[in-house]
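The structure appears below as structure tokens.
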Amino acid sequence: MKFEKMHGLGNDFILMKDFQRNYPDLAKRLCDRRFGIGADGLVIYSSCKNSNINADYQMRIYNSDGSEAEMCGNAIRCLAKYLAKTEETDGKRLAIATTAGIKRVEIVENFDLMGEINLSGMVGSQEQLVKVNMEKPLLKSSDIPLAVKNDRNDIARQRPIDTPYGIYYLTEVSTGPPHAVIFVQNLLPEEQLLELGPIIEKHDLFPYGTNVEFVKVESSNHLRVQVWERGAGKTLACGTGACAVVVAATINGFCNGMAYVELPGGKLFINWDNNTEELYMIGPAEHVYSGELNNQIFY
């Protein structure tokens, strides 16, 4: 069985065509960095040609612990970049179905923000980037969802929770999967991130768990972020998380809907359109290598 290894800002994935297996178990084995290939997640994809799905392809993403994610921004960029180069596609635009809806992606070249934001140093900025319409974020407590009473229709902004390191204020946003965004004066030491990440991920407030982002506001268009991903732990980048960060920063008055998000693995440009309220993510995706699995891995 052939596979591709790709990454988006160091958030790495194994891409495989759908072949009807126990994917949660396979993801745990293949993503293991000591006894498997090693990755943050497993992406399974298939063509929608002979289906009733109104998209070109569909994808499912499994985290390294075997859990399934609704959507992954870095993974969909990787898949789009791979499909555009290797499969029969209609130009550089694709519609990819996910469990969080159909996402429209586009391969872009000579990306220019007309001087609005300096993206110098973006990984892959001199090559093709991938633009993804991430659709509208969900902000109401009932939509994310949160385990709260009486205020299910409120915007979940600056909600306090108590932790071993004191009180942190969360702004919750769903950009497919749920995210808890926390604004801090300084980014966390690694030891603190490794302890706080799982505490917030599994907090009773989130019935299905949550991704966690710690954010330092450098300027109105520059946000530095640390990521703790639900089901994967500390990672170098999170695309849906970068989108959630810009939404949270906007509703809290830190930016105006457009910013680049600096993650440990590199930068993403995020635009939350004022007119349509839709989110757009632009960033790189890189092919690492191709490989073939020994059939014994399936038994």
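Think of each number as a place in line: the chain as shown, counted from 1.
Cβ from N, Cα, C; glycine included.
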Note: Swiss-Prot has ASN63, GLY73, ASN74, ASN211, GLU229, ARG230, GLY239, THR240 binding substrate, and from ASN11, ASN22, ASN294 that site also includes ASN11
Recorded positions near CYS72 (active site, proton donor), in sequence order, restricted to ASN211, ARG230, CYS238, THR240 and a 10 Å Cα cut-off: CYS238, THR240
Compute the centroid of the Cβ atoms of ASN11, ASN63, GLY73, ASN74, ASN211, GLU229, ARG230, GLY239, THR240, then list the same-chain residues not in that set whose Cβ lies within 8 Å of it, in sequence order, for the substrate site. ASP40, GLY41, ALA69, CYS72, ALA75, PRO177, VAL227, ALA232, THR235, ALA237, CYS238, GLY241
If I take the alpha carbons of GLY73 (substrate binding site) and CYS238 (active site, proton acceptor), what is the distance between them in whole Å? 7
By a simple count of other Cβ atoms within 10 Å, which of ARG230, THR240, the binding-site residues in the record, is least packed? ARG230
Cα-to-Cα gap, ARG230 (substrate binding site) vs CYS238 (active site, proton acceptor), nearest whole Å: 11
